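Taken verbatim from Swiss-Prot:
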{"type": "BINDING", "residues": "G40, Q41, S42, G43, S44, G45, K46, S47", "note": "ATP binding site"}
{"type": "DOMAIN", "residues": "4-242", "note": "domain 'ABC transporter'"}
{"type": "TRANSMEM", "residues": "270-290", "note": "transmembrane segment"}
{"type": "TRANSMEM", "residues": "524-544", "note": "transmembrane segment"}
{"type": "TRANSMEM", "residues": "574-594", "note": "transmembrane segment"}
{"type": "TRANSMEM", "residues": "607-627", "note": "transmembrane segment"}
Amino acid sequence: MSLIECKNINRCFGSGENRVHILKDISLSIEKGDFVAIIGQSGSGKSTLMNILGCLDTAGSGSYRIDGIETAKMQPDELAALRRERFGFIFQRYNLLSSLTARDNVALPAVYMGMGGKERSARADKLLQDLGLASKEGNKPGELSGGQQQRVSIARALMNGGEIIFADEPTGALDTASGKNVMEIIRRLHEAGHTVIMVTHDPGIAANANRVIEIRDGEIISDTSKNPEIPASNVGRIREKASWSFYYDQFVEAFRMSVQAVLAHKMRSLLTMLGIIIGIASVVSVVALGNGSQKKILEDISSMGTNTISIFPGRGFGDRRSGKIKTLTIDDAKIIAKQSYVASATPMTSSGGTLTYRNTDLTASLYGVGEQYFDVRGLKLETGRLFDENDVKEDAQVVVIDQNVKDKLFADSDPLGKTILFRKRPLTVIGVMKKDENAFGNSDVLMLWSPYTTVMHQITGESHTNSITVKIKDNANTRVAEKGLAELLKARHGTEDFFMNNSDSIRQMVESTTGTMKLLISSIALISLVVGGIGVMNIMLVSVTERTKEIGIRMAIGARRGNILQQFLIEAVLICIIGGLVGVGLSAAVSLVFNHFVTDFPMDISAASVIGAVACSTGIGIAFGFMPANKAAKLNPIDALAQD
């Protein structure tokens, strides 16, 4: 069985009136270890035939078999495997990647074979040394002469074994001396057992082969052999290694090429990233503002008491009849405090009036509360003490004042132990509260706190309370507790003449509202991300067009479609991730400036928003980079190689 066997191969280009029949019923067979020269003038079809034999192109009709296997039935990746494992190409124009060194160009086919990095470099250096380029491993193609570049191309063809060498006009771009040197190398390869198929228009070059096939106008007109003896082929084939390093090395290579592509066009890459940068910075900043404002509001709510339920007379805030309802009593508070899910219950009554100290009269509000009130409301003592259970039982004439009262009446003295008059009733100051920075409402109001028994019995003379503040135990559900309290009070009062304000409900409402606002504004900011993604897609399409030749070279040496897809997809994702990280950094800088000048609430950048931003930019890279990458992966190798 012949190594290569073609029967009735036809290839046409164009369609309709422009249809050109390049190859016409070509039939031939090539044995293992043969040295065949295909000769003909320009346009004769010799290069087209070699491209079909090298699986860079496909025949329009006919049969082409390698070791008896029909190539027409092979998938693109199966054809890539043939090029990778059995073929080696020597091109007239060398087709080296200008961004890689001689060593890296030679080693590139082995990347797609899964060969380890050290083994790959050692083999590449050995091949370069054998071809007289031992001192040129680190040189890039632009630093080498034409003859040296062609020898690098030959070394690359041998990297994976090169059982079958395809040489397309190997001396066409070389001077006479370099051409002779290259032909001597090719003859030695044949003598070593490689099957060599060479295309040339020069009869003198063709004379080096054992067999010469002449083509004219797409047809074989002669097939002569001058030496029927074919040396035994002992060329070892390097097998693909499917290990973790196989995938790792291919990813590293794709990543390295992506970085080089990004750095090669710095300004273009920066402008491409700009949409991503603005979009990510906008989203992260909006979320940070939302987090900061939500945190501030929730802190304010917490200052009013956590896990608390406040009970008021009436049907709701603004109920005009609430002042006439006097059914909320101290006994209600005592019964509520005994419930299993209640930590404490403190009644509250209030009174407005004139506060007098020496010759100063001020308008203030006095609140009658229980000893637990301050803990429930999260109020902190600055100096002195709070009243206790005994003070409540004994109707003690003591009072705790806020910072506003202290500043107005005791700016230059210690208020503790001083007696003040409220509605002409003497009260002894026993404590001063810290200023409540998180409190709602007017911060200039003068506030006093005394035992509710003192206020009710000695000042207002009323037996009912304005409200009851209930602290729910940490392990209890506030909604269930609210329902239980409602049933308890309805049973006591015989009607629902009260309403409740659950701090947990307020918290949930704030979280829901701020979450909705963040989502709304983030959705607007996401538009710039979509615009940025379109920019990435556009620039990647340009990149594919610019690097079509590179894609063709990689396919010729055995890259799968997946390898090409991976490389360009990584490039798109890399641009987006860098843009995302810069966007996060920009948002962090804005946050620092904002927090320096604005003290009402901070910009709070969370780890979740940063992770989400990077994930979002990665997703955009994948989504908008897939189409250009897929376009690159589906290019026909010979069409890609034909691009300049």
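The count begins at 1 with the first shown residue.
Including glycine, each Cβ sits where the backbone N, Cα and C put it.
Same-chain neighbours of the transmembrane segment (574-594): 255, 258-259, 262, 269, 272-281, 284-285, 288, 532-533, 536, 539, 602-603, 605, 610, 613-614, 616-618, 620-621, 624-625, counting only residues six or more beyond its ends whose CB sits under 8 Å from a CB of the stretch. Confidence for the domain 'ABC transporter' (4-242), expressed as mean pLDDT, is 88. For K46 (ATP binding site), applying a Cβ distance below 8 Å and a minimum sequence separation of six or more within one chain yields I38, I39, G40, V199, H201, I215. The binding-site residues under consideration are G40, G43, G45. Their Cβ neighbour counts within 10 Å are lowest for G43. Counting every protein chain shown, 7 other Cβ atoms lie within 10 Å of the Cβ of S42 (ATP binding site). In the three-state DSSP assignment, the secondary structure recorded for S47 (ATP binding site) is helix.
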